[in-house]
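These notes are about the structure you will find just below.
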Amino acid sequence: MRFNLKAPFEPRGDQPEAITRLVEGLRRGDRFQTLLGVTGSGKTFTMASIIERVQQPALVISPNKALVAQLYREFRSFFPENRVELFISYYDYYQPEAYIPTKDLYIEKDADINDLLARMRISALKSVLTRKDVVVVASVSAIYASGDPRDFQELNISLEIGQRIPRNELALKLASIQYSRSEDISSGGVFHLRGDVVEIFPPYEDYGIRIYFFDDEIERIISFDPMNRKTLEEFDRIIIYPAKEFVTTEEKIKHAVKEIERDLELRAKELEKNGKYLEAQRLKQRTLYDLEMLTTLGYCSGIENYSRYFDGRKPGEPPYTILDYFDKSEMIVFLDESHITVPQIRAMYHGDHSRKKNLVEYGFRLPSAFDNRPLTFEEFLESVGQIIFVSATPGDYELSVSTQIVEQLIRPTGLIDPEVVVKPTQNQVDDFIEEVQKVIERGERALVTVLTKKAAEMFSAYLNELGIRAEYLHSELDTVERVEVLKKLREGSVDVVVGVNLLREGLDLPEVSLVAIMDADKEGFLRSETTLIQTIGRAARNINGKVLLYADRITNSMKRAIEETNRRRMKQLMYNIEHDIKPESIVKPLYENIFEEFADNEEKIEIAKNTYLDGILALKEDLEAEEYLALLEEEMWRASSELRYEDAAMLRDEMLRIKRETKKDNI
C-alpha cells in the first residue's frame with residue numbers, strides 16, 4: 001500500500017519550499033540534511049509530507065517519551081490507512097545491574113515489563129519486515145539490542161487452507177516461537193485448542209486468528225474480534241510471527257552453551273593468573289548456574305548478557321537492533337530535536353560500558369556482557385541510510401555534515417516569535433510579579449527559570465505567599481510528580497511554574513504567554529545560546545508571547561539568541577503583512593495522557609542515570625586524582641550536551657571540590 005497523507009490543510013508558509021528542497025535532497029542522494037524549524041511551524045506535517053512524496057519507510061527518533069507519544073499520535077492522524085508504529089523501552093520499572101567496588105555493593109537487575117509496550121515493539125518489528133508503508137516513532141531505544149531479524153523472519157508459521165498438520169504439532173510449533181497455551185488473552189501471544197478449532201492471538205494484532213480443522217487438514221482460516229467473537233475477514237493463507245522479540249532455536253542454545261563454557265574456562269584462568277581467586281570463583285558459580293537454567297529451561301536471568309553467543313556475533317561486533325529490520329537503502333531517518341538526540345545517541349554506549357566494566361572486572365559477568373549494548377554513534381550511522389536532522393537549534397555536528405540547511409521559520413498560524421525584553425536584575429522578583437499579574441488577569445500562564453533547585457523551591461513558595469498559584473519543577477521530582485505539575489499548569493489550577501531546566505520536559509504549552517529567565521547573564525550550561533533560544537520558544541505558541549531576560553549585561557549567548565529570535569520574528573511579520581494573516585494562538589486539546597502515556601516508563605532512564613552517577617562518584621577511591629578529574633570533566637560535558645544541566649552542575653561541583661582539596665594538600 002502507498003502512503004496516503006490525510007490532513008485538513010495544505011502546506012503553507014515555509015512548508016512547501018522546505019518539503020520540495022528536502023525531497024530533492026533525498027532523491028539526489030544527500031546523506032545528511034537539516035530542517036531548521038521553529039516551534040509551531042508544523043515540522044511534523046513537513047516530515048509526513050516528505051514521507052508521502054518519496055514513498056519510503058521512515059524511522060523517527062525523538063529524545064524523550066513525552067515527545068515520542070506526541071509524534072506517534074500526530075503521525076497516526078496523518079496516516080490512518082498506513083502502519084504507524086511505536087518503539088520505546090518496554091520497562092515500567094528498570095534497575096540495571098551494577099557493582100560499586102568502594103562500597104562492595106552489588107545491585108541486582110530488577111525490572112517490570114509493560115506487556116502493551118512489548119506488544120507494540122513486536123508489532124513494529126513485524127511491520128518493518130512485511131510492509132513498505134510504515135513509520136516507526138521511537139526513542140533512543142532504537143539503538144539498543146533487539147532479536148536477530150533472520151530468526152524473527154524465519155521462525156514463523158505459514159498456514160493455508162488444505163494444508164495437513166496435526167493440531168498437536170501446530171501447538172508445539174507455536175510454543176517454539178514463544179506462544180503459550182492460556183485462556184487469558186489480555187497480553188496476546190497465546191493460543192487455545194478447542195476441539196477441531198485452534199485460536200491464536202498474535203501480540204502484534206488487535207484481532208484473533210481462528211483455524212478450523214477437518215481431521216488434520218486446515219479447512220478454514222478467519223480473523224475475529226476477541227470481544228464479541230464476530231468474524232472479521234476470511235483468509236486463504238496466513239503467517240504467524242513470533243510472540244516475543246527475542247526468539248532462537250534449540251540448536252543455537254546448545255551451541256551457545258558450549259561457547260559460554262569455553263569462554264568461562266578461559267576467563268576464570270585469566271582472573272586466577274592475576275591473583276583474583278575470589279572473582280574467578282564468583283564468575284564460575286554465577287555462570288554455571290546460568291548454564292544450568294539455559295540447558296533445562298532455555299532461559300536464565302540476565303540472558304541478554306549472553307546475546308552475542310545466540311546471535312553468532314564476534315566480540316566487539318554490534319548487536320542487532322530495529323535498524324537491521326529496515327532496508328538501509330530505502331529507509332529515511334528523522335532525528336527529532338537533533339540538538340538533544342545526537343548527543344544522546346553518542347552518550348549511550350559510554351554510559352553502558354562504564355557500568356559493565358566493574359561487573360566484568362569483579363567476576364559478576366563474562367566479557368560478553370560488553371556486547372549486550374547500545375550502538376556507538378559511528379555504528380548507528382553505518383546502520384541507517386539518509387538522515388534529516390530536525391530542530392529549532394541544530395547542533396554544530398548537524399550543521400557541519402548537512403548538505404543543506406532548510407529553514408522553516410514561518411508559522412501557518414501567523415504567530416510571531418515572542419518579544420524579548422532585557423531588564424536589570426535589581427528588583428527582578430518584584431518586576432516579574434508585576435508582569436505575571438497581567439498574565440493571570442488574561443487567564444494565561446507563565447514559566448520562570450532560575451539557576452538552582454533551592455531557588456526554584458523558595459521562589460515558588462514566595463509566589464504562593466503572595467497569592468500567586470505556583471509550583472516548582474526540578475530533577476528531584478519523580479516522573480509522576482513532574483507530569484502532575486505540568487497538567488495543573490495547562491488546566492489552570494497553577495499559574496506559574498518555576499524550574500531550573502525546563503527543556504527536559506518536551507513542553508508544548510500554548511497557554512504560556514510569559515517566560516522569565518532570571519540572571520540571564522550568568523554564562524554556563526543553563527544560559528547558553530541554544531538553551532536561551534529553546535527557552536524563548538516556550539512562549540511562541542501564544543499570541544501574547546513575551547520573554548523577560550533579567551541581566552545587567554548582554555552576554556554573547558544572549559546577543560546571539562536575541563538576534564536570532566528577532567530575525568525569525570521579522571520574517572514572520574513580513575509574511576503576515578504580505579499575506580494579510582492575523583496571528584492566532586494555538587489551541588491544543590488537553591489530552592489526559594499527553595505527558596502520562598509513557599510516564600511510568602520514564603523511570604527506567606531516571607534510575608539508570610542515578611545509578612550511573614553514583615557509580616562515577618564512587619570511583620574516586622579507585623582512581624588517581626588526575627584520572628578522576630578527567631572522568632568527571634568528560635561526564636560533565638556529556639551531561640551538558642544532553643541538556644541534563646543539573647547532573648552537569650553536580651559533576652562540575654565535584655570537580656571544583658576535588659581541585660580545592662588537591663590545592664590544600666599541595667600547600
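Keep in mind that glycine also has a Cβ here, set from the backbone N, Cα and C atoms.
Taken from Swiss-Prot as is:
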{"type": "DOMAIN", "residues": "24-195", "note": "domain 'Helicase ATP-binding'"}
{"type": "BINDING", "residues": "Gly37, Val38, Thr39, Gly40, Ser41, Gly42, Lys43, Thr44", "note": "ATP binding site"}
{"type": "MOTIF", "residues": "90-113", "note": "motif 'Beta-hairpin'"}
{"type": "DOMAIN", "residues": "428-581", "note": "domain 'Helicase C-terminal'"}
{"type": "DOMAIN", "residues": "626-661", "note": "domain 'UVR'"}
Distant-in-sequence Cβ neighbours of Val38 (ATP binding site), under 8 Å, six or more positions away: Ala392, Gln408, Leu409, Arg411, Asp417, Gly537, Ala540, Arg568
Per DSSP, three-state class assigned to Lys43 (ATP binding site): helix
Binding-site residues listed as Gly37, Gly40, Gly42, least Cβ neighbours within 10 Å: Gly40
Which listed residue (Thr39, Ser41, Thr44) has most other Cβ within 10 Å, given these are binding-site residues: Ser41
DSSP residue counts for the motif 'Beta-hairpin' (90-113), split into helix, strand and coil: 3 helix, 15 strand, 6 coil
For the ATP site built from Gly37, Val38, Thr39, Gly40, Ser41, Gly42, Lys43, Thr44, further residues of that chain with CB within 8 A of the site's CB center: Thr46, Ala392, Gln408, Arg411
